[in-house]
Amino acid sequence: MMRVSQLQLCRTSLSYRLRSGYHHHHHLHHSFFKLIKRNSILESPPTNASHQSPSPITPMVNARVMFFSTSTSAPHPEKINRTSSENILRMISSYLWMKDNPKLCFRVISAFACLVGAKFLNVQVPFLFKVAIDWLSSSSFVDSNPYLVAAFATPSSVLIGYGIARSGSSAFNELRTSVFSKVALRTIRTISRKVLSRLHDLDLRYHLNRDTGALNRIIDRGSRAINTILSAMVFNIMPTILEISMVSCILAYKFGAVYALITCLSVGSYIAFTLAMTQWRIKIRKAMNEAENDASTRAIDSLINYETVKYFNNEDYEARKYDQLHENYEDAALQSRKSFALLNFGQSFIFSTALSTAMVLCSQGIMNGQMTVGDLVMVNGLLFQLSLPLYFLGVVYSDTVQGLVDMKSMFKFLEERSDIGDKDIDRKLPPLVLKGGSISFENVHFSYLPERKILDGISFEVPAGKSVAIVGSSGSGKSTILRMIFRFFDVDSGNVKIDGQDIKEVRLESLRSSIGVVPQDTVLFNDTIFHNIHYGNLSATEEEVYNAARRAAIHDTIMKFPDKYSTAVGERGLMLSGGEKQRVALARAFLKSPAILLCDEATSALDSKTEAEIMKTLRSLASNRTCIFIAHRLTTAMQCDEILVMEKGKVVEKGTHEVLLGKSGRYAKLWTQQNSKLEV
């Protein structure tokens, strides 16, 4: 495979980052932590939320979405409604109970049936143990319990039943996990798809103003939060509530209200203490996470700038700075461990006090002849069974609180509305009816920021099947014109029409399906060459993909690769040279076969030889199509039917190459400047 040199890689990557606003540092930082995250799916009980697996869609949003060159855009006011925790839980419940999917509803019912079955058998374990002990320790047991004797016959049978109850409870728990996992994973899948679809529905203005790192964190944390909350609800909160209720009722029925009161008071104290301590520990944990992030960021930044560190012999300096930040993490982590020890001691003290009180009452009952040794064992067993779910209460509470916060951010994001292509409005519009593909701008005004006008009342027309080149200095509004046609932005005033139809009054999908784009920086998917070409028309056959590659003059090059069309192009296509990537973009355009072609300085970053080859292919692609070329090199512009010269958002000259040279105006000056550079 033809590989670009290290210098070409750096230049290509730098060009992409400068034009698209791609944050290389954040990307590496994010990727680093992706590697060290543990993969996990719905577990029981849940661990800390930070260790659960992220949504499959998060890598997809790790780069800022851009089109052509970057321009500063006006802040987009967020149109969001306040999302309460109750509404979030209600929304999750709606995904859990999908009325249109009876199989999933049956799984939900089955999971709750397994939950009840597990807890019912769980409370039988201490009871059966009590029966066995009383039977073995009291000679009067057989006479006073004829029904139990008839049911079990021997103490060994009771102990076998004890084992069956324990195993059955465990089996129901595992069956509940197995049955409910399908529901939980489908819920996560449904919401993840909705998030990705929402990302693509939002307009470019939103993406230009949204911090990529913040957006990525919202999606990542929100998807993990779904897993956390579902785990907490199904595997911790609901089972614990059910078990506390059952234990309290059994104790009240068998031994009196005082035992139920002890249970309720101890559980209430335990929960209150745990929640108060957890609130304090959340603050400590937050400080620890921040310190850890600072240290990790410093280490990664140092490694990213490895060569710079070596140039100035600053290895010791970097190590000291990292050590200072890691010391902050060490202090915070130590504080966290101390608070955790205090939490454990407090929980143990409350539980031990309640258990001791109950045991003292039981011993008095035994001394008075009102209770048996088996009763003491039963009370002890019932109370101990509450200790495990209560032990995880702090983790569950902190994860649930954080999960609700993260989900609020994600659901607010889902409530964002797009200024362009709102589906409710768009589906009511008629499709674009092509009659040749003529394009007209009628007194168009546009600005990204109120104080900076980009297009200032421009008007021009591109006849169907003709080609127009737009030239001018940087910032004159050339690429913005292409954005207007593709309707990434709407005009502030004026009209953009295709075949006499205002593009705001036609269905967005039909508009964009009629337009092909060849950008300056072709960013490819990290997939095969075949996939990247096929992406231009997903309904195309293999032979049509090969024909498109031949027309783009890249088929022979691909066939020389060891894996041919199955060759992976690498992240953003960096395994291919600039010319090869442009040919892939051209092959996509051939495959799409649009009526209108937009090219944004498609050859400006290429050498002269590659430019000539690409231009030859472009002329073939542009044949009998309405084409607009944003041209940096005027050798591209001179071959078009008409040239528009732009300055400060206005068309200052227009005509053919020869006519504009004859005017000795702005175009002639640009031509002279470029030729002078070539001569030098």
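The backbone N, Cα and C atoms fix where each Cβ goes, glycine too.
What Swiss-Prot records for this protein:
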- 1-75: transit peptide (TRANSIT)
- 109-129: transmembrane segment (TRANSMEM)
- 145-165: transmembrane segment (TRANSMEM)
- 232-252: transmembrane segment (TRANSMEM)
- 255-275: transmembrane segment (TRANSMEM)
- 340-360: transmembrane segment (TRANSMEM)
- 376-396: transmembrane segment (TRANSMEM)
- 439-673: domain 'ABC transporter' (DOMAIN)
- Y448, G472, S473, S474, G475, S476, G477, K478, S479, T480, I481, L482, R483: ATP binding site (BINDING)
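Feature map: annotations from Swiss-Prot on the structure.
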{"residue": "S473", "record": "ATP binding site", "Cβ contacts under 8 Å, 6 or more apart": "E647"}
{"residue": "G475", "record": "ATP binding site", "Cβ contacts under 8 Å, 6 or more apart": "none"}
{"residue": "G477", "record": "ATP binding site", "Cβ contacts under 8 Å, 6 or more apart": "F446, I454, L455, I458, M646, K648, G649"}
{"residue": "I481", "record": "ATP binding site", "Cβ contacts under 8 Å, 6 or more apart": "F441, L455, I458, I470, I628, I630"}
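Three or more CB pairs closer than 8 A are found between the transmembrane segment (255-275) and the transmembrane segment (340-360), so contact between the two stretches is assigned (pairs 6 or more residues apart). The average per-residue pLDDT of the prediction over the domain 'ABC transporter' (439-673) is 86, rounded to a whole number. Site extent for ATP: among the recorded binding residues Y448, G472, S473, S474, G475, S476, G477, K478, S479, T480, I481, L482, R483, the largest C-alpha separation is 19 Å. Set side by side, the binding-site residues S479, R483 differ in how many other CB atoms lie within 10 angstroms of their CB, and the most is found at S479. Take the CB of Y448 (ATP binding site) and look out to 10 A: across all protein chains shown you find 16 other CB atoms.
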